[in-house]
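Taken from Swiss-Prot as is:
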| type | residues | note |
| --- | --- | --- |
| TRANSMEM | 15-35 | transmembrane segment |
| CARBOHYD | Asn99 | N-linked glycosylation site |
| CARBOHYD | Asn185 | N-linked glycosylation site |
| CARBOHYD | Asn373 | N-linked glycosylation site |
| CARBOHYD | Asn409 | N-linked glycosylation site |
| BINDING | Cys445 | heme binding site |
| CARBOHYD | Asn482 | N-linked glycosylation site |
Amino acid sequence: MNSISALFSAGGFQWILLSLSLAFIVVYSLFYLAVGLYNLYFHPLARYPGPLLGRASSLWYARSLARGTVAQDTLKLHEKYGDVVRIAPDELSFIQPENWSAIYGHQLGKDYRELIKDPRYHDTVKPTPTILTGDWDEHTFYRKILSNSFSEKSLKDQEHILHHFVDLFVQRLKETSAEGTRELNMTDQWNYLTFDVIGFLTYGEEFHCLTSSKLHDWIEAMLCVAILMSLGQAARHLPFPFDKIYKQWAIPSNVKRQVALHRDLTEVAIPHIPIQYASAYRLNSRKGDIPYSVLKEHANILTIGGSETTATLLAGATFHLGKNPPVLQKLATEIRTTFVNDGEITVARLSECKYLLATVEECLRIYPPSPANHTRMVPKEGIVLNDQHIPGGIGVGMPMYAAFRASSNFTYPDRFAPERWLGDPMYSKDKKGALQPFSFGPRNCLGRHLAYQEIKLALAKLVYHFDLELNPKCGDWDEQKNFTFWVKPPLWVNLHPVKS
């Protein structure tokens, strides 16, 4: 009896806890060591190359996501290991152009219509079915509703809205640039424009970012939602219990606050969504009015997709044009000789400007607004990619940044050269089909035509009215972290108004 009492005395109890803890650590370590060895030598993907840590565990991918360098890191892996890389035990990364169709296209003649999205991506956001997160039927249903707003007729009817905001953008630049003597942060300026445009198109009211020269609170909050999604993905690649610990303690508190703010701002804005959007839903829905949660999530999707990605591309275009004066001069000459005055610049006539179109394509290639992987899951029966059978349950994807910047796809991939899209023989071996900046297949970006119109119009009017000069301190501006979207620093530019 005394020995039992001694065992459970303070010192004895601590010894038991220590022993159990050590035993747990040993068993835990041995378990994951065994898993790692299995992944390296016996897993169905064991033959695929990749970093040792990435082949053995998900830690490489989790670390890369958490650091915000997954786009650049994946490119480095492809340059080292080739066109197919194993970036996690159960995930393969591809960069060959033909795999856009194989992974993201319609799966004709199969028992399934598409490769579904990796649930680890959407587990970090609310499970409300939307055009992004819904299954095939849900996606098709919502896409049909929204497609009317992005039809050729609707875009033509809305062109005057683009002109209104782009003209206001040019006016504000003239007022604030002080004849080119004052530096402007074009990262913010482009966000002012694109957020005002999408705010009006989505909610039927202006957010007055251009007139106030102030970013709406929603912008920062919206970007924090994107950061949360990336960090949530990182957590899901960690083993238990570190996934729970990471989500609880490693995600910055300011990110959580901004996500809450984003939710509150959405609640305020929802009542102002144009009635034609809700009416379209009622017309097509068999269940009556659109659920509030679905309406709210689609408002978020339209706002994020229609503002941040377009602003990112325009900022990237400004940077690369500033870094490459000969390209800027060619573009300015084309625009200024094609149009006698500003009033002649229309979306239809901009299709005549071949160098402008090539410049936009090259910007999308060298600085894609959505740089990272969009993983799909292989169905249980498996698929064939690169003449190799990929078993069910494996994640596969085409990371845009890696595919667009790979030396196996593009000649001098780090060179900003619109000429590669104009038949220059120097770039004749480019695999131009690798460039799919709006994704591919039935889930490609619904707003891509609107984005092209806004980008072409804004860029054309910028170079028509201004000579731009990039501040040398922004020479490495494009070396950015990415958490779903790029985290863009200030882009300081002097704008010199062109004399009439």
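Heads up, the Cβ atoms here are built off N, Cα and C, so glycines get one too.
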DSSP-derived structure type at Asn373 (N-linked glycosylation site), helix or strand or else coil: coil
Site with most surrounding Cβ atoms, counting all protein chains shown within 10 Å, from the glycosylation sites Asn99, Asn185, Asn373, Asn409: Asn373
Neighbour-count leader, CB within 10 A, recorded positions: Cys445, Asn482: Asn482
Asn373 (N-linked glycosylation site) to Asn409 (N-linked glycosylation site) - Cα separation in whole Å: 17
Local backbone state of the residue listed as 'heme binding site', from DSSP in three classes: coil
